[in-house]
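Participant: One structure follows; several queries about it will come next.
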Amino acid sequence: MANAPVSPVVLVILDGWGYRQEANANAIAAANTPNVDAFFATYPSTLIHTSGKRVGLPDGQMGNSEVGHLNLGAGRVVPQELVRISDAIEDGSFLRNDVLVKVCRETRQAGKKLHLIGLCSDGGVHSHLNHLLGLLDLAKVNGIADVHIHAITDGRDTNTTEGINYLQQIQAHIDKFGVGSISTISGRYFAMDRDRRWDRVKQAYDVMTQNGNLDQRSFAEILQSHYDNGVTDEFIPPVRLKEGAIEPGDGVIFYNFRPDRARQLSYALVDKNFQGFERELIPDLNFVTFTQYDANLPVQVAFAPQNLTKILGEVIADNGLKQFRTAETEKYPHVTYFFNGGLEVAFEGEDRELISSPQVATYDQKPEMSAKAVTDAACQAIEKGIYSLVVINYANPDMVGHTGKLEAAVQAIETVDHCLGRLVATIGKMGGTTLITADHGNAEYMADQNGKSWTAHTTNPVPFILIEGERRKVVGHGADVVLRENGCLADVAPTILDILGIDKPQEMTGQSLIAPAPYAVTRRR
């Protein structure tokens, strides 16, 4: 006799779908969303926190996709690398970090150059300006005179033309302490691609690893010229200001702490089997990354990864249940690597499907992205009737929100709403329960108070909607399930375990978002 189909719990992550009451510059409010509107009107919902200390970041710091998925999968507030590194600088232990001191000492003794690569902003998503300034202080203390900064401009996690101000702050620090020079500039569109668009990465790689062909203008003149022509920080074409190429035996510190957008350039610089584009390997680089970008990278890591145990994926596997993850390229690492606490490998019984993101320069050109294909993959997996947990990410609100184009963001929201209608119907047909939430805000705030396009994330809360399925009811509740207020992302994994009837491990400090029933009820799941 065949086993009955499994009725899953499906976690749907609407990346960048925040909540904001004001309708102005709000793509979500402006969009036609009949499905989400019906969900809010019909099913229990609440708002949860996705920023600041509630997700392991400094107070007031906006959340991001990496942090969001770490907290979602871990079931606890995970102290973030931004805080770890900033605290080390503040308490002085940064200057005693064994890996950082070692690369400085060996670079000085060999008479080589020290290169500092990273995103130059205070966005706090991939890097922080204070960390670069801390590295300049480290170089000064260790007597390194030849220090070259390969600046990556932001314009995505910050205002679009703030780059000139950040570089001026760096230059002021250089002038004050007498160490370092801004040798190259590359927009993050080139240096921090994560979708194997190697033609972009090659342009950044070339300016960092070659000499000659210098732009004689100051960095301020270069950036202002681009701003005047409508080119913002994210898209600044790679340019070389001073001689200072990365050469054999040099020391290199890549100070981004978030891995996903630092991997490709790192592989280009150190991987002997690299095939992204034609280049000769630069031998004997003394290469350090702030955090572990990839376990297979032949580099030293200054801040070793935290070991998270008994996370959601692991608990599901330990209970002999199968799970499925899917997203398109832009968010695939988030539902796999980050959701699994920084583990590259899948758990036993964890299946994955990667959907390719469209090959366009910016996603306002195709706001629907690959949402339909993601929905197809999710529905097919759900209909197999073998998965107890399904995790899906829709990238559209975040990726199109980052373009700052309101009309395109509205189209992105409407695309996702349409897909949700089909997805939730499929889950319902299988008797499953749907949890709809987001990892952080973005698309609900597309322009600042001055009307200038806003391309960064927000600190707004996000929705959490619970749609019970007939064969996956919440245990111990009657007809009405009540969701508590003031929750956070760390509470989602315990909620899933609550619905599945699995005991929460003590390592999970989050609490189920399902409020205790006011009276005892026995109910079939």
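Cβ from N, Cα, C; glycine included.
Take a look at what Swiss-Prot says about it:
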| type | residues | note |
| --- | --- | --- |
| BINDING | Asp15, Ser65, Asp439, His440 | Mn(2+) 2 binding site |
| ACT_SITE | Ser65 | active site, phosphoserine intermediate |
| BINDING | His126, Arg156, Asp157, Arg188, Arg194, Arg258, Pro259, Asp260, Arg261, Lys331 | substrate binding site |
| BINDING | Asp398, His402, His457 | Mn(2+) 1 binding site |
Participant: Write down the Cα-Cα distance for Asp398 (Mn(2+) 1 binding site) and Ser65 (Mn(2+) 2 binding site), rounded and given in Å.
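Facilitator: Answer for this pair: 9 Å between alpha carbons.
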Participant: Would you kindly give the Cα-Cα distance separating His402 (Mn(2+) 1 binding site) and Arg261 (substrate binding site), rounded to the nearest Å?
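Facilitator: Distance (Cα to Cα, whole Å): 15 Å.
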Participant: Can you tell me how many other Cβ atoms are located within 10 Å of the Cβ belonging to His457 (Mn(2+) 1 binding site)?
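Facilitator: The answer is 30.
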Participant: List, in sequence order, the residues of the same chain other than Asp398, His402, His457 whose Cβ lies within 8 Å of the centroid of the Cβ atoms of the recorded Mn(2+) 1 site.
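Facilitator: The surrounding set, listed in chain order, is Asp15, Gly16, Asn64, Ser65, Arg156, Pro397, Met399, Gly401, His440, Asn442, Ala443, Thr455, Ala456.
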Participant: Could you find out if DSSP has Asp398 (Mn(2+) 1 binding site) as helix, strand or coil?
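Facilitator: The three-state answer is helix.
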Participant: Excluding near sequence neighbours, so keeping only residues 6 or more apart in the same chain, what lies with its CB under 8 A of Asp398 (Mn(2+) 1 binding site)?
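Facilitator: Listed in sequence order: Asp15, Gly16, Ser65, Lys331, His440, Asn442, Ala443, His457.
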Participant: Using an 8 Å cut-off from the Cβ centroid of Asp15, Ser65, Asp439, His440, can you name the remaining same-chain residues around the Mn(2+) 2 site, in sequence order?
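Facilitator: Close Cβ neighbours, site residues excluded: Ile13, Gly16, Thr50, Gly63, Asn64, Gly68, His69, Lys331, His334, Asp398, Ala438, Asn442, His457.
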Participant: A 10 Å Cβ contact count, applied to the binding-site residues Asp15, Asp439: which residue has the minimum?
Facilitator: Asp15
Participant: His402 (Mn(2+) 1 binding site) has how many other Cβ neighbours within 10 Å of its own Cβ?
Facilitator: 23
Participant: Which of Arg194, Arg261 (the binding-site residues) has the most other Cβ atoms within 10 Å?
Facilitator: Arg261
Participant: For His126 (substrate binding site), what residues in its own chain, 6 or more apart in sequence, show a Cβ-Cβ distance under 8 Å?
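Facilitator: Same-chain residues close to His126 (substrate binding site) (Cβ under 8 Å, separated by 6 or more) are Leu119, Asp157, Met192, Asn256, Phe257, Arg258, Arg261, Ala262.
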Participant: According to DSSP, which kind of secondary structure is Pro259 (substrate binding site) found in, if we only use helix, strand and coil?
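Facilitator: The three-state answer is coil.
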Participant: So for Ser65 (Mn(2+) 2 binding site), how many other CB atoms are inside 10 Å of its CB?
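Facilitator: Other Cβ atoms found within 10 Å: 28.
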